[in-house]
Ligand code: 5AD
Ligand code: SF4
């Protein structure tokens, strides 16, 4: 009997890696692989790696050590295991990976994973295959269309890459080197993918790009479209209930995009807009190309368009040369803006980036103390924001079963997790919930009305579609 081949994709890092992992699984599905959540069962292990902060490379090698043990255990049971390293560490390390870890069969960068089948075919024992090119032809053209069953299995909220790479060259960041120059997918290709996802029951779309609001894809009219315009087009697709996008740069928040936040009901009132730091000379040394006050003014304009918008940011503490006074400026910015959520990191030296060569590196203990102080303040604001939800009614997109039996879980427009007793709701519904409590990790809601049947994707209920749902 023919045994089904199984693939386990382990993804690290950002949301684009989650998207890429799905697309790699799509490519491999065409080769007869089904996905498994158990790495021990996998005939093919794909590590989809991240290079953004320190120790990323060492983490990959130690993971490969574990994979090597797994491979020899499986070999004694007569089973072969093949190993792929993908993602940004693959891009950055290239052939060094197969030199240091002979267990690896294929090394493939983020721009060439559509070639996985050929690479796997070319690789043999002691003959690894490598592809870390930035090919001129668009990988998206070569990726298979996403299958309905696979889309449904991944839920009602989906990522959709619209832009890749970055031309900003912040001095701390490896992304412009690992993901390359900014490239935008054409509008028609994005619309076709979104229609396919919506048709399979996806309701919420998060448009992804390393610098997503720099989007400048070719429209069907032959002109360059901005992200604001693209969002307007996607909002017209039947079944598209919610739109989000991430990650953005303050310099690329143009008027059209800001206006879209006021004009498009489907565009959710949540924006991740990293500021990184609050002192102007640190922002200049980071090559961020905006000041702290410039960021404050931008937030004012965005809030004027959409007053209830929840803001989120990334912060780096301990960038080279950051003094106590500079750090105090970061705290002051936090107090001024009041972020609803945020990610914060200690600066980590990335070899090959300009900031790695700066003097005045901040001692580790100082970075740790600043991070703790910043995180306490961000947490204060996050909890305060969540508390303002109690007593309000929020539209929640139901995504999955909750932790307790009979509970369902979903997301508020502000990207908060919400739990509630199931009632009449089903996954994919958008239900109004009265928020009764703000718990540390999520909100607790109670169903406040009948489900919003009008806004359900027609696909969920139409009989000819439910036939192939299984
Ligand atoms: N050190 C610490 N944080 C970093 N980030 C990117 N590069 C570094 C680095 N060298 C953070 C930034 C970015 C987020 C994705 O990761 O805050 O916005
Ligand atoms: Fe990195 Fe973002 Fe700066 Fe681009 S804009 S270099 S991805 S931090």
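Even glycines carry a Cβ here, placed using N, Cα and C.
Per TrEMBL, the feature [4Fe-4S] cluster 1 binding site maps to 14, 50, 88. The Cβ of residue 50 ([4Fe-4S] cluster 1 binding site) lies under 8 Å from the Cβ of 12, 13, 14, 17, 56, 87, 88, 89, each of these being in the same chain and 6 or more residues away along the sequence. Following the DSSP three-state reduction, the secondary structure of residue 50 ([4Fe-4S] cluster 1 binding site) is coil.
If you look up TrEMBL, you'll see 152-384 marked as domain 'Radical SAM core'. Mean model confidence for the domain 'Radical SAM core' (152-384) is a pLDDT of 96.
In sequence order, 276, 286, 287, 288 make up the list of same-chain residues 6 or more apart from residue 170 ([4Fe-4S] cluster 2 binding site) whose Cβ falls under 8 Å from its Cβ. Marked as [4Fe-4S] cluster 2 binding site by TrEMBL: 166, 170, 173.
Feature annotation from TrEMBL assigns region 'Disordered' to 446-470.
If you look up TrEMBL, you'll see 449-470 marked as compositional bias 'Basic and acidic residues'.
For residue 166 ([4Fe-4S] cluster 2 binding site), the same-chain residues that are 6 or more apart in sequence and have a Cβ closer than 8 Å to its Cβ are 173, 175, 176, 179, 181, 182, 210, 211, 214.
Among the binding-site residues 14, 50, 88, 170, the residues whose Cβ sits under 6 Å from any atom of ligand 2 are 170. Only 173, in sequence order, out of the binding-site residues 50, 88, 166, 170, 173 have a CB under 6 Å from ligand 1. Counting other CB atoms no more than 10 Å from each candidate's CB, the binding-site residues 14, 88 peak at 88. Take the mean position of the Cβ atoms of 166, 170, 173, the recorded [4Fe-4S] cluster 2 site; other residues of that chain with a Cβ within 8 Å of it are 168, 169, 172, 174, 175, 176, 210, 211. Excluding 14, 50, 88, which define the [4Fe-4S] cluster 1 site, the same chain contributes 12, 13, 16, 17, 49, 51, 52, 56, 87, 178 within 8 Å (Cβ to the Cβ centroid), listed in sequence order.
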